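Only one structure is covered here, and it is reproduced in the block below.
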Amino acid sequence: MASHQAEPWLLENGKPKVLTKEMRHGRTAHSRSSNSLRRRSDLTLVSKVPCSSLRDILANLQEVILGTKLSILIPAIPAAIIAHCYGFGRSWIFIFSLLGLTPLAERVSFITEQVAFYTGPTVGGLLNATCGNVTELVIAIFALSSNKIAVVKYSLLGSILSNLLLVLGTSLLCGGIANLRVEQKYDRRQGDVNSLMLLLALLCYLLPMLFKYTAASAALTVDPSLHLSRASSIVMLIAYFVYIIFQLWTHRDLFEDEDEDEDDNNCSQEQAVIGLWSGIAWLVGMTVFIAILSEYVVDTIEDASDSWGLSVSFLSIILLPIVGNAAEHAGAIIFAFKNKLDISLGVALGSATQIAVFVVPLCVVVAWIMGVNMDLNFNLLETGSLALAVIVTSFTLQDGTSHYMKGLVLLLCYIVIGACFFVQKTTFNHANRLVGIGLFLSLSGMKNGGIQTQNQIQMDWLWFHSDHLVISIMKGAKICSSFASIFSCKL
């Protein structure tokens with residue numbers, strides 16, 4: 001190891017770069033949780049390689065590829081690429097891509113922390129805060145490019161629900177069982193701030209959905225709801241920018257665990273194991289592989305849904321977040337076992353806040369730039385589930401103490417919501433057909449100079465929400481020469 005530390009790009013004033021007290025302030029709970037899944041690499045064999053260039057490459061490979069307990073899942077990355085190139089089953093490509101994204105997400109967190117050794121606490125903190133949910137963001141962008149807005153909404157909603165109920169609930173449950181004789185406490189001020197941010201996001205999600213029910217016809221609320229969603233997204237992005245300043249500078253003490261001083265000796269021993277430019281190169285390479293696997297996930301999720309008999313909503317809301325964020329979820333549970341609930345809360349609430357207030361509105365803005373009309377209307381069932389999750393979590397964290405019963409209730413809430421989407425059999429194609437017919441009805445309502453009577457508006461609304469009438473329309477379309485002949489008839 002000594003030879004590895006002596007490399008010139010790992011030195012600062014002739015000494016190895018270490019994690020100082022100032023740099024620890026830039027570390028988020030997300031990066032702390034990922035630390036629990038890392039393992040030290042034994043560079044004894046690598047140090048015996050005579051060629052310095054080859055030795056450096058092998059040391060980098062060992063630190064990045066084998067320096068995690070999730071390295072067993074790394075073969076899933078080439079397996080997904082091979083399955084795609086040779087035309088294997090689409091469901092196999094989907095599952096290999098999901099498994100491959102798990103170690104990649106953890107490695108991105110590791111590499112950003114390595115880059116932070118050279119950039120300082122400010123830039124390092126911004127990197128950790130921004131790259132924490134890069135997997136969800138890349139998947140969302142590829143789904144938007146394929147105009148699969150439902151997949152974007154479902155996957156991001158599922159990430160929020162899994163963090164609030166599954167990760168936090170499992171952490172409190174396991175921590176409570178492991179520390180039955182110890183009263184578990186945490187700084188509830190951190191939870192208050194995150195709860196306020198989540199309530200702001202919930203308000204921005206609720207208004208476009210409620211906006212649809214204030215008018216007699218959905219056609220009258222399409223454009224206003226879209227404009228409202230874009231304005232709300234800009235507001236949330238501004239709120240997240242202020243939240244980053246609040247977290248990293250003005251009130252950073254609220255987001256630091258109480259046991260940090262006890263770990264000063266351990267943290268001071270942490271050293272940079274890869275160089276700055278090596279870290280940047282690895283970060284770019286990891287992002288490329290995340291993009292490739294994300295594209296595979298988006299392209300094959302419908303085929304996996306048909307093959308397994310599960311709805312796309314269940315795969316997107318339940319399966320994608322559980323597998324994709326398994327690394328940080330496991331880290332949060334490990335810290336709960338160690339009675340460090342502040343870090344566990346930072347992982348669960350921090351990640352949920354980041355997705356709700358940053359990733360979701362950013363996707364709306366990106367879709368706006370791409371010419372895709374994505375709004376913040378998550379539909380009644382999804383938005384209601386999110387509202388109840390936020391409220392239950394806020395009540396759970398209000399007193400600053402924890403026990404296993406709180407975790408059990410949160411976990412049971414997640415199981416009930418998961419069961420709800422499991423039994424929901426509306427397929428992705430069927431949902432698209434409903435939306436398409438709804439838009440056709442909206443356009444047909446603009447006939448006769450754009451004038452509709454109140455009765456026609458109400459009947460169009462009834463037709464849009466009736467599954468039996470939709471099926472009848474589709475059957476009638478096979479006989480009639482066009483859809484126009486159907487809707488031209490008096491209802």
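Positions of Cβ are set from backbone N, Cα and C atoms, glycine also.
As the structure is a computational prediction, the values presented were derived from the model and not from experiment.
Features reported for this protein in TrEMBL:
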{"type": "TRANSMEM", "residues": "64-85", "note": "transmembrane segment"}
{"type": "TRANSMEM", "residues": "92-111", "note": "transmembrane segment"}
{"type": "DOMAIN", "residues": "92-249", "note": "domain 'Sodium/calcium exchanger membrane region'"}
{"type": "TRANSMEM", "residues": "123-144", "note": "transmembrane segment"}
{"type": "TRANSMEM", "residues": "156-178", "note": "transmembrane segment"}
{"type": "TRANSMEM", "residues": "198-222", "note": "transmembrane segment"}
{"type": "TRANSMEM", "residues": "234-252", "note": "transmembrane segment"}
{"type": "TRANSMEM", "residues": "272-298", "note": "transmembrane segment"}
{"type": "DOMAIN", "residues": "279-417", "note": "domain 'Sodium/calcium exchanger membrane region'"}
{"type": "TRANSMEM", "residues": "310-337", "note": "transmembrane segment"}
{"type": "TRANSMEM", "residues": "343-369", "note": "transmembrane segment"}
{"type": "TRANSMEM", "residues": "403-423", "note": "transmembrane segment"}
Mind checking which residues of the chain, 6+ beyond the ends of the transmembrane segment (272-298), have their Cβ under 8 Å from one of its Cβ atoms?
4, 7, 9-10, 16-17, 41, 59-60, 63-64, 67, 77, 80-81, 84, 93-94, 96-98, 100-101, 104-105, 107-108, 111-112, 114-115, 117-118, 134-135, 138-139, 141-143, 146, 148, 151, 320
Using Cβ atoms and a strict cutoff of less than 8 Å, what residues sit near the transmembrane segment (64-85) while being 6 or more residues removed from its termini?
37-41, 92-93, 96-97, 99-100, 102-104, 106-107, 110-111, 273-274, 282, 289, 292-293, 296, 326-327
Could you tell me how many residues in the domain 'Sodium/calcium exchanger membrane region' (279-417) are helical, how many are strand and how many are coil under DSSP?
116 helix, 2 strand, 21 coil
